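Features reported for this protein in Swiss-Prot:
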- E1264: active site, proton acceptor (ACT_SITE)
- C43, C48, C51, C73: [2Fe-2S] cluster 1 binding site (BINDING)
- Q112, C150, A800, F801, M1041, G1082, S1083, V1084, V1085, Q1197, L1262: Mo-molybdopterin binding site (BINDING)
- C113, C116, C148, C150: [2Fe-2S] cluster 2 binding site (BINDING)
- V262, V263, M264, G265, N266, T267, S268, V269, A343, S352, H356, D365, L409: FAD binding site (BINDING)
- 4-91: domain '2Fe-2S ferredoxin-type' (DOMAIN)
- 234-419: domain 'FAD-binding PCMH-type' (DOMAIN)
Amino acid sequence: MEPSTLYFYVNGRRVTEKNVDPETMLLPYLGRNLRLTGTKYGCGGGGCGACTVMVSRYDRGTGQIRHYPACACLTPLCSLHGAAVTTVEGVGSTRTRLHPVQERIAKSHGTQCGFCTPGMVMSLYALLRSHPQPSEEQLLEALAGNLCRCTGYRPILDAGKTFCKTSGCCQSKENGVCCLDQGVNGVQEAEGEQTSQELCSEEEFVPLDPTQELIFPPELMILAQKQPQKSRVFTGDRVTWISPVTLKDLLEAKAKNPRAPVVMGNTSVGPEMKFKGVFHPVIISPDGIEELSVIKQGNEGLTLGAGLSLAQVQDVLADVVQQLPEEKTQTLCALLKQLRTLAGSQIRNMASLGGHIMSRHLDSDLNPVLAAASCTLHVPSQEGDRQIPLDEHFLSRSPSADLRPQEVLLSVTIPYSRKWEFVSAFRQAQRKRSARAIVNVGMRVFFGAGDGVISELCILYGGVGPAIVCATDACRKLVGRHWTEEMLDEACRLVLGEVAIPGAAPGGRVEFRRTLLVSFLFRFYLQVSQSLSRMDPGRYPSLVGKYESALEDLCLGHHQRTFELQSADAKQLPQDPIGRPIMHLSGIKHTTGEAIYCDDMPLVDRELSLAFVTSSRAHAAILSMDLSEALSLPGVVDIVTAEHLGDANSFAKETLLATDKVLCVGHLVCAVIADSEVQAKRAAEKVKIVYQDLEPLILTIEEAIQHDSFFETERKLESGDVAEAFRTAEQVLEGSIHMGGQEHFYMETQSMLAVPKGEDQEIDLYVSTQFPTYIQEIVASTLKLPVNKVMCHVRRVGGAFGGKVGKTAILAAITAFAALKHCRAVRCILERGEDMLITGGRHPYLGKYKVGFRNNGQVVALDMEHYSNAGSTLDESLMVVEMGLLKMENAYKFPNLRCRGHACKTNLPSNTALRGFGFPQSGLITEACIVEVAARCGLSPEEVREVNMYRGTEQTHYGQEIHTQRLAQCWSECKAKATFSLRRAAVDRFNAGSPWKKRGLAMVPLKFPVGLGSVAMGQAAALVHVYLDGSVLLTHGGIEMGQGVHTKMIQVVSRELKMPMANVHLRGTSTETVPNANVSGGSVVADLNGLAVKDACQTLLKRLEPIISKNPKGTWKEWAQAAFDQSISLSAIGYFRGYDADMDWEKGKGHPFEYFVYGAACSEVEIDCLTGNHKNIRTDIVMDVGRSINPALDLGQVEGAFIQGMGLYTSEELKYGPQGALYTRGPDQYKIPAVCDVPAELHVFFLPPSKNSNTLYSSKGLGESGVFLGCSVLFAIWDAVSAARRERGLPGTLALSCPLTPEKIRMACEDRFTKMIPRDTPGSYVPWDVVV
């Protein structure tokens, strides 16, 4: 068959392609073929939103143009025939005009690293094309599928809200009060307290003008109106794509290719082919078949075409619900409820109703409801039409109930509900939106005579087995029973007996899932009872009071953000930018997609791609490695092994590639080099390795302790007389807390490009790294070259957080080796799953403590032991342990303290630095100890915190003097700003009247030491050139990874040289211009490099002083020309030797830190005791920032770090299998905070400026400190859990573990449902996952 031609538009320009490979997705095509690099690769599975574009299509049936967001990483190029694609470049640019969305996100300070920003822009843009004045709920829905690791989302939401309708009301009357009227817990604030400083002027924003948008191409409209004559066929190397254009063609194609999947949005088949190794040689993708888009309201039900997207289904259901009487819409409302939280907007607009039904995923949110409602599927074939029930047999793929191979799903009919029929749907996930359900359920009951006697009952659960499960026997036995609590108890017993979840069930969380089975049943019972009461109050009593709080899920509510920052000094010159909220200087480029990251760089001539082969075993000997099949594949050039590297394979105590054994799943074994990325990855899958498992296999901290498996010797600090203090203590307790690890989840994965220069063995490296010098050194060592022949360049990094240092150097060294060996450029971009598997993250911690204290809560003795899971190599683990010990006391003076730390050697990928560097773990252990002391003393944790807090001038446990007046000020200000006492009383009142939902309030202090522990690690350099036109080029050793260091450095130059910031340019960081620079991290990047930049500027000014003094009113252009004429150098090197710092671990004493950042945070939450869900109601943060160089950037660091910390402590859960494999390898399984997790109210306050003569303009580094404040949310949750436990007569204290996920919250709120579930005997099964 002759290949078809593909026509579509991109940014208003026609694209014509022949011979399209069906395996080509839109994302790589945009970057490689069209050089549109603004659309980013973040995960490859539609889970992060970085690749969002807008797709526009003309609907021949309605005559309307539909604009919707889509994930380019999952959009097959073949599917775009007749569509118009808009990328971020097509929305606006610096060369043409900025779109209001781009302008407002940038000027609202909504970008940091900028890698997620194009996706954010496109999600908002697509929303505005359909809803020019959206509601706040529509805004939240539009951004639910976009992840950001830097900003904390608040400034992005602020930008989006400028387009919203003036009323931001939640449109509901939760507890009978509108969200705009109720304050928090009924505590109203004074009018003045609700105002906020402006960081940008909304009046200056360009108004949105829908008439100025790109029009839909008339050519495509004409093309769509013409009835196509025949199916389109595209044939690639491995896959054939058939696009039938009529139902007849579709049925014919399916008859000829009965095993071929029918693909509409590619959101199910696409990930299966990419991540699960499923292969389909033929794919059928209908295009524009009207019968697949039918919407028909009949007398008995609603018929929806299988080709409708889930977003279209959502819109249709919302319209129909408004038209029909309530009694007919039970099923429709249940489906709507599930659709609101199902995936992100991009996926809902791509995925089809038919695809969702036919995929029959075990955790499908719609199928349990559709099956419970007895829906019917219409399935034609060439042999005729059939109707089959969508029931449990269909969902379990029973051959007698399934579609025949030649049939297609055409439509589904959803029956209207009847009077006295009730349908409900529930789901529980790790995150409120855009997260797969852990358990979901569809439930329907029918009381035929309206007498409360069950005539029909249907309950289907998802997420509890290999397929959706129907509790058939339980439902049958309950028919004829009255709807009473006795019936409920019997129903719970029957369901638990029928729906069995084995202890070793895939997915884990077994007891939680069992509890949800009956918790959801209880909620269904209550909702039906309440409906019965409304319909016939005489017969059915109201549930108001006892059970009212259990009826509904948590409501997210209205969002508000305020901040009180610092203003610039009134005495400084107007043009002096220091202290002013200057926008991130790459902000506009972030929003237009013009900011270039490593993988955006153009292809180099004859460039190669590299893909790694990693170990599938955690501890094993390599018996053999067969490369023959991989080497025989087309395009494969070479495979690099440890043997090729020789003695260069080893550096420090690590190896680049495995030699004779592997130490973890994800250990690098070899690297495949091929002409393209696709060829390299396919070849990597063909490398055959034979292993022999070795003993012992050590994964957990407990196993490491058992096998005495540790790196180095322990680290120890001690002050006072601990033994004597314990003897005199009035009370003593012992406890422990386990804290899980955390994935960096920088939005840009590990990326590098090695380019041999062609002579003298020179090589240039373009790497996404925090430490170019280290990359340079390791690569030079591997290539056996002097360092001066290896140059590392970094323009910007798409997020790092400590994760782009050690492992990045290993990846870069192997990439550079391949490049130099073949004298060709080599590019290596890790996929998200590879990145998460290989690179490690934050160390899991086990903290054990013994504490002696007085009855007033004052701690007199503390003996603490830290165990960190370091993984298979040492990496940064020793320094993490050290920093954890040095910072462990947080804000408290413990007079007698002993603390020890151990780095456990295990068979996991090496863990490494992550924002906070040990303090988020060690600080949490201390706070958990404080909470337990408070419970033992019958005091609030806040009272115990105050009793033990540093006061005035003190000495730390390592002997450094500390002045803590600002700490006390932060604490008292936070208490006042948060109206803590009033809200504490309000929370208690709420809890007294709400048995099933509880609120919690917690406040934690912060003392974060800043410094790197040695002088040498703190040195920095800068280079400043003044050109003859008066412009300045600045280079320094710091890396721009989102924190705005380049912006701050240009502010420094502007102040020192008294010139506009626009006159100063900074191209990036390079070992060629500033050699031997230290790592960018530890909150000191701006501090150290800023002092070097300041030194360079002052050197220049001193050199030019005679010239300037002769012409004081001259311009820089005139001064530069005069200096040149007098042979005076216009270049200056600035240098800062580093802060004075030392630490003697033998003596346990020293002065490792230059200064301390102080702060406090108060958070309020509400939990759902039935499901474990929680919502973040409000957070107040007070920070001591010294004198802020840029309040807007500093606010972004505080908020972003807080949200990242909140994720660490509540939702981000790494899951490992019992053989050491990481399960959580992408946003589908690993849940960082999303827009829905941001506190409804977030208030940030900076203390007035303070002076510190040693730092840059008295500023303080804020990159890491805010992470720890996220634990205020954890302790607020625990406060709520404790309230629930006290009410149930349970001990208020229970061993804390972190993260405090919905599973842990629910299981801690013990009740009759947790007690009725079956329990497995430990040791009788192998659990699906292990706690490492």
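A Cβ is built for glycine as well, from the same backbone N, Cα and C atoms used for every other residue.
Sequence features, as recorded in Swiss-Prot, placed on the structure.
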| residue | record | Cβ contacts under 8 Å, 6 or more apart |
| --- | --- | --- |
| C48 | [2Fe-2S] cluster 1 binding site | G42, C116, G119, N146, L147, M747, R832, P1227 |
| C148 | [2Fe-2S] cluster 2 binding site | C116, M120, I156, M747 |
| C150 | [2Fe-2S] cluster 2 binding site | Q112, C113, C116, M747, G799, G1042, G1196, G1200 |
| M264 | FAD binding site | S285, P286, A306, G307, S309, A351, S352, G354, G355 |
| N266 | FAD binding site | L74, T75, P76, S79, M350 |
| S268 | FAD binding site | A351, G355, H356, S359, H361 |
| A800 | Mo-molybdopterin binding site | H744, Y746, S768, T769, Q770, I1039, M1041, G1042, S1080, G1081 |
| E1264 | active site, proton acceptor | R915, G916, F917, F919, F1008, G1082, S1083, A1201 |
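Site extent for Mo-molybdopterin: the farthest pair of Cα atoms among Q112, C150, A800, F801, M1041, G1082, S1083, V1084, V1085, Q1197, L1262 sits 17 Å apart. Around the Cβ of V262 (FAD binding site), the number of neighbouring Cβ atoms within 10 Å comes to 24. Of all the binding-site residues in the list C43, V1085, L1262, the shortest Cα-Cα distance to L409 (FAD binding site) is found for C43. Taking Cβ-Cβ distances under 8 Å and a sequence gap of 6 or more within the same chain, the neighbours of C51 ([2Fe-2S] cluster 1 binding site) are L27, T39, K40, Y41, G42, C71, A72, C73, G119. Looking only at Cα atoms, V1085 (Mo-molybdopterin binding site) sits nearest to C43 among the binding-site residues C43, V262, A343.
Fewest Cβ neighbours within 10 Å among the binding-site residues Q112, S1083: this applies to S1083. Local packing around the Cβ, expressed as the count of other Cβ atoms within 10 angstroms, is greatest for C116 among the binding-site residues C116, V1085. Ranked by CA distance from L1262 (Mo-molybdopterin binding site), the binding-site residues C43, V262, A343 have C43 at the top as the closest. Sequence-distant contacts of A343 (FAD binding site), defined as residues of its own chain at least six apart whose C-beta falls under 8 angstroms from its C-beta, comprise G46, G145, T267, L310, A351, S434. Within 8 Å of the Cβ centroid of the [2Fe-2S] cluster 1 site, not counting the listed residues C43, C48, C51, C73, the chain contributes L27, K40, Y41, G42, G44, G45, G46, G47, G49, A50, C71, A72, G119, R832. Other residues of the same chain near the [2Fe-2S] cluster 2 site, with their Cβ within 8 Å of the Cβ centroid of C113, C116, C148, C150, are T111, Q112, G114, F115, T117, R149, T151, M747, G798, G799, G1042. Secondary structure at C116 ([2Fe-2S] cluster 2 binding site), as computed by DSSP, is coil. V262 (FAD binding site) and C43 ([2Fe-2S] cluster 1 binding site) have their C-alpha atoms 24 Å apart, to the nearest angstrom. Predicted-model confidence for the domain 'FAD-binding PCMH-type' (234-419) is 97, expressed as mean pLDDT. A 10 Å cutoff on Cβ-Cβ distances gives C113 ([2Fe-2S] cluster 2 binding site) a total of 30 other Cβ atoms nearby, all chains included. With DSSP classes pooled into helix, strand and coil, the tally for the domain '2Fe-2S ferredoxin-type' (4-91) is 16 helix, 31 strand, 41 coil. For the binding-site residues given as C43, M1041, the lowest number of other CB atoms within 10 Å of the residue's CB is seen at C43. Counting every protein chain shown, 26 other Cβ atoms lie within 10 Å of the Cβ of H356 (FAD binding site).
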